[in-house]
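Feature annotations, reproduced from TrEMBL:
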type     : residues : note
COMPBIAS : 283-292  : compositional bias 'Low complexity'
DOMAIN   : 88-248   : domain 'Peptidase metallopeptidase'
REGION   : 268-295  : region 'Disordered'
């Protein structure tokens with residue numbers, strides 16, 4: 001089982017093409033050619049109704065700037081770029097993992113009860129193997145949108161015409177992008193799989209787990225990238241393995257013994273107690289501003305922080321500066337714990353300080369010239 005390492009590294013290469021994760025209408029599943037120009041590539045990438053660019057079947061990119069980088073790294077060059085991202089896993093904190101709240105939109109109409117039941121089945125499967133707790137906040141179902149801040153994520157219908165059955169998010173996504181979207185074709189026949197099985201796979205992403213077929217052992221041209229670390233030996237039957245990428249699970253998508261082993265290594269066994277908090281510290285809020293020319297880098301920090309607490313940076317401004325955050329040493333363009341990489345100056349990073357880390361660093365780099373203001377919130381010793 002593979003776990004993601006965070007930031008934009010969650011991008012998946014086009015190894016399985018623009019194929020559906022679990023095709024229902026039989027679209028083309030051939031890989032996208034590496035000979036495409038940017039314009040050709042951009043025109044062929046599916047954009048879902050939420051405005052996300054979909055790569056590798058169910059992985060959303062939420063900005064054209066991210067898609068352009070994806071093209072330059074994985075399509076245009078025809079090779080994979082190895083990248084170490086900050087040294088911290090993309091996972092929920094010990095506090096948040098026990099409070100994974102969600103709503104299910106009533107706009108599912110006649111399929112609402114089915115989605116509620118299938119989500120309950122899927123979250124129950126993960127809760128049965130790891131120390132995580134998903135909570136359906138039904139009071140928010142009538143206003144279950146991407147802007148609802150009363151829940152951690154929303155579950156909503158989408159109409160893609162079968163481009164994908166469902167898609168989800170990773171723990172480091174912003175609230176607006178923390179959605180589980182289910183295509184209306186999911187309510188037809190998915191045999192031999194079920195919607196509950198598909199949701200088990202998608203909820204694996206929400207816990208930070210990558211596609212198992214990104215591992216080179218999978219073969220079959222479905223390798224994505226190396227921005228992950230191994231938790232178990234390769235598992236072709238994993239709930240996170242695409243069946244059409246040499247997966248061995250011919251029935252429904254189920255959590256295997258190795259999936260359980262990997263999940264426990266990250267979140268602990270069900271009912272286990274989290275490590276005691278480090279305690280102490282003083283909450284601090286600071287602001288800093290500046291400007292950058294194109295490709296110029298400006299560094300801020302280090303900031304003394306307490307492990308297990310939250311380090312949050314919100315950037316506003318003009319032009320197109322990019323925000324980078326890293327623990328332990330200053331960020332670079334290839335090593336960081338968070339880099340939203342969005343068009344414009346509005347970006348934010350909210351991170352839990354990893355165990356063993358006591359310093360946080362910030363870098364602002366000019367994608368194009370711009371000015372910025374940073375609001376920094378953290379706990380100092």
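Cβ from N, Cα, C; glycine included.
Annotations in TrEMBL come from automatic prediction, not curation.
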TODO: Can you check how the pLDDT averages out over the domain 'Peptidase metallopeptidase' (88-248)?
DONE: 86
Open item on the list: Is it possible to list how many residues within the compositional bias 'Low complexity' (283-292) are helical, extended or coil according to DSSP?
Closed with: 0 helix, 10 strand, 0 coil
